[in-house]
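Trainee: Straight out of TrEMBL:
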type	residues	note
DOMAIN	A:3-145	domain 'Aspartate/ornithine carbamoyltransferase carbamoyl-P binding'
BINDING	A:Arg55, A:Thr56, A:Arg105, A:His133, A:Gln136, A:Gly261, A:Pro262	carbamoyl phosphate binding site
BINDING	A:Lys83, A:Arg166, A:Arg220	L-aspartate binding site
DOMAIN	A:152-299	domain 'Aspartate/ornithine carbamoyltransferase Asp/Orn-binding'
Amino acid sequence: MIRHLLSAADLDAATATLVLDTAHEMALLADREVKKLPTLRGRTVVNLFYEDSTRTRISFEAAAKRLSADVINFSAKGSSVSKGESLKDTALTLQAMGADGVVVRHPASGAPHRLAHWVDGSVLNAGDGTHEHPTQALLDAYTMRSRLGRLEGLNVAIVGDVLHSRVARSNVLLLHTLGAKVTLVAPPTLLPVGVEAWPARTSYQLDSVLPDSDVVMMLRVQRERMDEAYFPSAREYSRRYGLDTARMRRLPEHAIVMHPGPMNRGMEITPEVADSVRSTIVEQVANGVSVRMAVLYLLLGGKV
Amino acid sequence: MSYPPSGPPADPGASDRADSPGSAADRLASTGGTAAPPRPPAATFSSAPAASGGTDAPSRSRDAGTPDRPVKTILSAADIARVVDRIAHQILEKTSGAADTILLGVPTRGVPLARRLAERIHTFENVAVPVGALDVTLYRDDLRLRGARALGRTELPPGGIDGRRVILIDDVLFSGRTVRAALDALGDLGRPRSVQLAVLVDRGHRELPIRADYVGKNIPTALAEIVRVALAETDGTDEVRLLGGTR
């Protein structure tokens, strides 16, 4: 097993499948009387969050606790970071405390890679800037596999703000590794420069992509990262790239609708679609805990 | 995933199983080589028998007999069938017709053994005994001595284990550490009325106060020797062999 999980590209097909299979066994824990395993007893996991997060932080915390690890939560607010401490000094502090695993979210792309050079423990990227979010890609792949039975050959449309989306980048890399075919759908202004080099097709027309899609993944429009105008108005974006009931009817019978959350209801997805039976949004959150348990076990469970 | 050489000499018997437990990855890795030159096993996989007390890493290449590593068949296919028949009868006898009893196989080879026992019990007395699987990887005490390994499947029969008589089924009883892990796992899954243990082979060298209720065959072994169980469901053939260690 790899030592750190910094990018979805760190995972080859065999390792990614191992994570998904392990997550499947971890998921059985949810039905048990005692939802706890002794596997990581005595290990320390630090959640290092420099950016706001609800589900990822809680999900990692729940996963670590279910494996009996000791969890230390660190958020930039209320810590010495607000006094100006650098990432490196924080890392050295964690190192001195003997953290076996560091889960890091940071607004700067690449921060987890830097961190990995400074600490001895395993570093898990929980989202760095607009770069990557590998555990989100793993839980999305897990959700697709459990709903549709396979990943090989699936047509996955990833729709919306690809430019600012670490979820999209990690998903493209992982889904490509696992044999799914990804189409990125966005207005030209919201596709990154160099997207031609990604292992994915691109399209500007949502309506023409929908009939062939097994999975539609809607991305949040990341207003907080937009310092200029990428589209004329929210209403126009919603008209062309939002998923509403009429558009959902164009999907094949078996297709599922995903969203990594948090949603802008009424912007990229209407409430009717978000709450429909095709939507896996709540399932994705539950699967997130199982997948993160699998990753923590595989990175921290064995000989270090 | 690769397995670094296992623990310190102070860890006799990292496993008491015929091969490294729950290790699909192990097995995958092992099936690769066919005609590797005979050599001391220490270098290849997780266990150096001399150091770790004969954890039987399943390298097929090591199965070929050589002057210093003789191979002896202990149970043939017919012997295994007879042994399974006898244990099935003993279970029926000791549990008053297997009432309220479930069989839980420990992956990998305990699971097909449990299925065979249930099938024999059904043939003899027409009782359907529920069969399940109990993976103990996450409860093992030797996880930190090796790399994290793939998990086996845990599947409990409908109705769970509460209030029932659970019979754990495994292929080889060695140090007893797998059984200890299984008992811990059972404690988290519910509260069985009682727990019993059935094994195909008891090779001795216990490190914990654990004994089996049903034993297919007692085989006195040296620590450095390796007991290799093959079952048709997992290995294509039924056979138990003793691979001589270098003494």
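The backbone N, Cα and C atoms fix where each Cβ goes, and this holds for glycine too.
Heads up, TrEMBL stuff is auto-annotated, nobody curated it.
Since we're looking at a predicted model, the values are computed, not measured.
Thinking about packing and proximity, how do these listed features fit into the structure?
Mentor: Less than 8 angstroms from the CB of A:Pro262 (carbamoyl phosphate binding site) sit A:Thr54, A:Arg55, A:Arg220, each of them six or more residues away in the same chain.
There are 24 other Cβ atoms within 10 Å of the Cβ belonging to A:Arg166 (L-aspartate binding site).
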Trainee: Using other CB atoms within 10 angstroms as the count, which residue among the binding-site residues A:Arg55, A:Lys83, A:His133, A:Arg220 scores least?
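Mentor: If we count Cβ atoms within 10 Å for the binding-site residues A:Arg55, A:Lys83, A:His133, A:Arg220, the smallest count is at A:Lys83.
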Trainee: Determine the Cβ neighbour count for A:Thr56 (carbamoyl phosphate binding site): the number of other Cβ atoms within 10 Å of its Cβ.
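Mentor: That number is 24.
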Trainee: Give me the long-range Cβ neighbours of A:Gly261 (carbamoyl phosphate binding site): same chain, 6+ apart, Cβ under 8 Å, in sequence order.
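Mentor: Counting only residues 6 or more apart in sequence, the Cβ neighbours of A:Gly261 (carbamoyl phosphate binding site) under 8 Å are A:Arg55, A:Arg220, A:Ile281, A:Gln284, A:Val285.
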Trainee: Sequence gap of 6 or more, C-beta under 8 Å: which same-chain residues meet both conditions with respect to A:Gln136 (carbamoyl phosphate binding site)?
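Mentor: Once residues fewer than 6 apart are set aside, A:Gln136 (carbamoyl phosphate binding site) is near A:Thr56, A:Gly127, A:Arg166, A:Val167, A:Ser170, A:Asn171, A:Pro260, A:Gly288.
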Trainee: For the domain 'Aspartate/ornithine carbamoyltransferase carbamoyl-P binding' (A:3-145), what are the DSSP-based totals of helix, strand and coil residues?
Mentor: 69 helix, 27 strand, 47 coil
Trainee: List the helix, strand and coil residue totals of the domain 'Aspartate/ornithine carbamoyltransferase Asp/Orn-binding' (A:152-299) as derived from DSSP.
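Mentor: The composition, in the requested order, is 63 helix, 24 strand, 61 coil.
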Trainee: Average the per-residue pLDDT over the domain 'Aspartate/ornithine carbamoyltransferase carbamoyl-P binding' (A:3-145) and send me the rounded value.
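Mentor: On average, pLDDT over the domain 'Aspartate/ornithine carbamoyltransferase carbamoyl-P binding' (A:3-145) sits at 92.
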Trainee: For the recorded carbamoyl phosphate site, enumerate neighbouring residues of the same chain (Cβ within 8 Å of the Cβ centroid of A:Arg55, A:Thr56, A:Arg105, A:His133, A:Gln136, A:Gly261, A:Pro262, site residues themselves excluded), in sequence order.
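Mentor: The answer, listed by sequence position, is A:Ser53, A:Thr54, A:Ser59, A:Ala126, A:Gly127, A:Val167, A:Pro260.
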